[in-house]
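**Q** Not my notes, these are from TrEMBL:
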DOMAIN    1-317  domain 'PDEase'
ACT_SITE  His72  active site, proton donor
BINDING   His72, Asn73, Phe74, Arg75, His76, Asp113, Asp222, Gln273  AMP binding site
BINDING   His76, His112, Asp113, Asp222  Zn(2+) 1 binding site
BINDING   Asp113  Zn(2+) 2 binding site
Amino acid sequence: RILFCYLLSEETREALKTPTFDVWDWEPNEMLSCLEFLFHELGLVDEFHINPITLKRWLLAVQEHYRKNPFHNFRHCFCVTQMLYGMIHLCSLQEKLTRMDLTILLVAAVCHDLDHPGFNNTYQINARTELALRYNDISPLENHHAAVACKLLAQPHTNIFASLEPDVTQKLRRGMVSLILATDMARHGEILKGFNEKTESFDFNNPEHTGILKMVLIKCCDISNEVRPMSVAQPWLDCLLEEYFMQGDREKREGLPVAPFMDREKVTKPGAQIGFIKHMLLPMFEAVMKIFPQIEPVMVQPLRDAYDYYMSEQQVSRLTT
């Protein structure tokens, strides 16, 4: 069961480095092979003496711990990790960050939504779910994703850090947990503000600076679908809205508050994306652009184009209704 040795062509290896990579083209075993390749290609397997068979087992266990949600599923995990890999190459992060940093980023991306139940933190808290009670309403989902990730790494057959000294393992684990917790969108404003305060005099030798950069990088990749070509991004939006509407329907049945963006009777695709791109995506990617101007043509401009597209779609729909 662990011999997913799908060989990647040179064309695929190069495509994996780009935001235009079509994440819909791949079967689960092929996605596993791609993820496995990233760890080898970045030199992380050699650097941290990762047993290649353990890496395969860990990736398979990760896949099995993603549920079959419309959006928060294993393909989303692959999507986020592939975009991160693209940013590592685009921004030459191998020359600016340590292998430790790259490992923390990659492992966090792979694990960032483990065992996501398909209902967000607001639902967990309002419905007083077991997760909300366990984590005292503080980022219940992200705390759960991190806990599941740590549990997998604590099991001998899936512990990719088994060869390392305890202090190194602890540093990797703490770094991973910190990044997974940073993906809670409730912390978006706080994290972006902290990053913006450092962009003018950013110092790659300052751990505080690189720490918040890593948070912003994983956040960018987590919500980066609109960076991708429209043919790739649109199906993701359909999946996200399907998951949102399932939550909205359940909240109505249970007499819980329903967010306007989760109410199938109120949402339009342009309406859903215009504010999100303008207020969340563009400010964050433009902040990253101050340190890495090379992302503008391949990541920031597609966001601006997507914004213009949804604005024109909204105008058309208003004229026809």
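In case you wondered, yes, glycine gets a Cβ from its N, Cα and C as well.
TrEMBL annotations: computationally assigned, not manually curated.
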**Q** I want the residues beyond His76, His112, Asp113, Asp222 whose C-beta is within 8 angstroms of the mean position of the Zn(2+) 1 site's C-beta atoms, in chain order.
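**A** Sorted by sequence, the hits are His72, Cys77, Val80, Ala109, His116, Thr183.
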**Q** Given the recorded positions His72, Arg75, His112, and counting only Cβ atoms in the protein chains shown, which has the most within 10 Å of its Cβ?
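**A** Compared across His72, Arg75, His112, the most Cβ atoms within 10 Å surround His112.
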**Q** Please report the distance from the Cα of Asp222 (AMP binding site) to the Cα of His112 (Zn(2+) 1 binding site), rounded to the nearest angstrom.
**A** 9
**Q** Using other CB atoms within 10 angstroms as the count, which residue among the binding-site residues Asp113, Asp222 scores least?
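**A** Candidates: the binding-site residues Asp113, Asp222. Fewest Cβ atoms within 10 Å: Asp222.
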**Q** Among the binding-site residues Asn73, Gln273, which residue has its Cβ surrounded by the fewest other Cβ atoms within 10 Å?
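**A** If we count Cβ atoms within 10 Å for the binding-site residues Asn73, Gln273, the smallest count is at Asn73.
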**Q** So what pLDDT does the domain 'PDEase' (1-317) average out to?
**A** 97
**Q** Between the Cα atoms of Asn73 (AMP binding site) and His112 (Zn(2+) 1 binding site), what distance do you get, rounded to the nearest Å?
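**A** Here the two Cα atoms are 11 Å apart.
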**Q** Considering each pair of residues in His72, Asn73, Phe74, Arg75, His76, Asp113, Asp222, Gln273, all listed as binding AMP, report the largest CA to CA distance in Å, no decimals.
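**A** Taking every pair of listed residues, the largest Cα separation comes to 23 Å.
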**Q** Roughly how many Å separate the Cα of Gln273 (AMP binding site) from that of His72 (active site, proton donor), to the nearest whole number?
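**A** Their Cα atoms are separated by 18 Å.
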**Q** Give the distance between the Cα atoms of Arg75 (AMP binding site) and His112 (Zn(2+) 1 binding site), rounded to the nearest whole Å.
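**A** Distance (Cα to Cα, whole Å): 12 Å.
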**Q** Just counting, how many other CB atoms are there within 10 A of the CB of Phe74 (AMP binding site)?
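**A** Summing over all protein chains shown, Phe74 (AMP binding site) has 22 other Cβ atoms within 10 Å.
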